[in-house]
Structure formats: structure tokens, C-alpha cells
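The structure appears right after this line, and notes come after that.
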Amino acid sequence: MASWNSAHLEVLYNVLGWLAFVSWSISFYPQVILNFRRKSVVGLNFDFVLLNLTKHSSYLIYNASLFFSSTVQRQYREKFGLNEMIPVAANDVAFSVHAVLLTVFTLAQIVMYDVSGGASTFLNVFKVCVLFKLCTVKRGNQKVSKTAAVLVSVAWLAAAVCVFVSIPRHSWFWLVSCFNTIQVVMTVIKYIPQVYLNYRRKSTIGFSIGNILLDFFGGITNYFQMVVQSIDQNSWINFYGNIGKTMISLVSILFDILFMVQHYILYPASKRTSDNPISVSNEPLLGTSDDPLSESV
């Protein structure tokens, strides 16, 4: 079993990992607080949140399985080398658990807050537990698009197929890798609706830039945590052995830079005329048969 060659690099690895955990975990709160203060979710794309839940749920399954299961770990080493270090750390599992919980809470806010600035009835909170109900929730001109609902359904259907395929072969690492692949795809897709929404509205009002700055720092520290492990082990296998962790860092950094360009350069505060959630129109950013893009922005 692999062990650390340098105690100093091991300490640095853990420090970077928990910095990533803290930064990424805190990054959820600016949006939650903003929604609470405005009593509105206009400006936050619902597709982004729903895709994010699928992404983090898949990532949690992968991280927890590889971190806790000795069987999955054994199959990982059989594939990549008996002396290879497991590429999932405790901070990865902790982050995934926290991310799922906060994303569910954000979905609850989407259900609760009306565009008028009030709160829906308590019974509406139960809609967040059912995808169909969530897709019927509408705030202003925004709701979960049919395309996003289809993508999420296809992702979980693919996961179910992988489960049935893996059971007779006991291919548990292959199975959790399927979930890792799903989270990579969701990571790439999930940012696109919010980027397009900002473009359509020519505004980032309602979308917290604090979330992006923290996400960017988390992506940087997460990536360099992997670099430190590779330097210590004199092997870069952990980068493709855990392609999900690699992609979550690189894709997050790329899109965070794009969001910062939108917020600070393309649509700065001086160009915003109102922070009234009622006056801000929003569309599902993945095109749907509802044709919400025909509405004024």
C-alpha cells in the first residue's frame, strides 16, 4: 500500500485539501443568503441548481465509495497499480456531503420564494422532493426547463443501467467510475445555463459573485492538492485515476473566470439600473418547447 515519501508534502496536501473544502463549502452561502435577503430567486437559474444536485449526488457516491470501501479500493489498485495511493481524501467526502445538503436547501428556496418577494405556503416545500413538482414551479418567467429535466432523467437512467450491469460482474470500481463520469458531464453542463442567462439579461443581478470567487479559490487549491500528491509519489496517475476531481477543478476555474468577466467587465454595477427582483426577467437557459426566450429581458 502506498505511503507518503515526504511528511512536509503530506501536511501541505492536507492543508490544500481542507482549504478547498472550506472555500467550496462557504461558496454555497452567498447565494443562499442573497435569496433569503431578497426573498426572491429571480436571477438564479433553476437549471443550474437542478443539474448541480445531480452532479454533487453522483460525486458523493464516487467519493464515499472509493474512500470507505476496501473492495472498491482494491479494484482501483488492480487497475492503476498496487502501490498507487487512493486519489480521494477525507475533505473530498466532506465537501460532497455538504454540497448535496446545501443544494437541496437552495432548491427549497426556489420552491418557497415567490417573484413578488413573499414566501409560498409551507406545503409547497414538499414539491422540492419530487422532480416533477419542481419542474412545475415558476417564478416570474423562470422555471426548470424541459431540457434540464430530460438531462437529469437520462443521467439517473444511465446510472441505473450501470448498476444492473455491474452487479453480476461485481465491478464496483467500474460502477462508481460511472457516477464519476456523470458528475464530470454535469460539471461541464451545469454552468452553461447561468452563463447564458447573464448574457440574455445583460446583468448578473440575483447571482452572487461571492459564490464564484470562493469557487475559483476552491478549484485552485483542489487542483494543487493533486499536484502535491503527484510530486510526492512521482506519478501522475491520480490525475486520470480520478478524472472527476481533475475536471471539477479545471472546469470550475474556467467558468469562474467567465463569470468574473461577465460581472466585472461586461455587465458591471454601473450598467445595472435596478435590483428589484420583480423587474428582472429570467428564462430557462436550456432551450425548451415553452419558448421562454421570446419574453422580454
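Cβ atoms are placed via backbone N, Cα and C, with glycine included.
Over in TrEMBL, the protein carries these features:
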type: TRANSMEM; residues: 12-33; note: transmembrane segment
type: TRANSMEM; residues: 53-72; note: transmembrane segment
type: TRANSMEM; residues: 93-112; note: transmembrane segment
type: TRANSMEM; residues: 118-136; note: transmembrane segment
type: TRANSMEM; residues: 148-167; note: transmembrane segment
type: TRANSMEM; residues: 173-192; note: transmembrane segment
type: TRANSMEM; residues: 204-226; note: transmembrane segment
type: TRANSMEM; residues: 246-267; note: transmembrane segment
Inset, instruction - Check the transmembrane segment (93-112) against each of 12-33, 148-167, 173-192, 204-226, 246-267 and return whichever range has the most CB pairs under 8 Å. - result: 12-33
Legend entry - Candidate ranges 12-33, 53-72, 148-167, 204-226, 246-267 - greatest C-beta contact count to the transmembrane segment (173-192) (under 8 angstroms): 53-72
Legend entry - Contact call for the transmembrane segment (12-33) and the transmembrane segment (148-167): at least 3 Cβ pairs under 8 Å, seq gap 6+: no
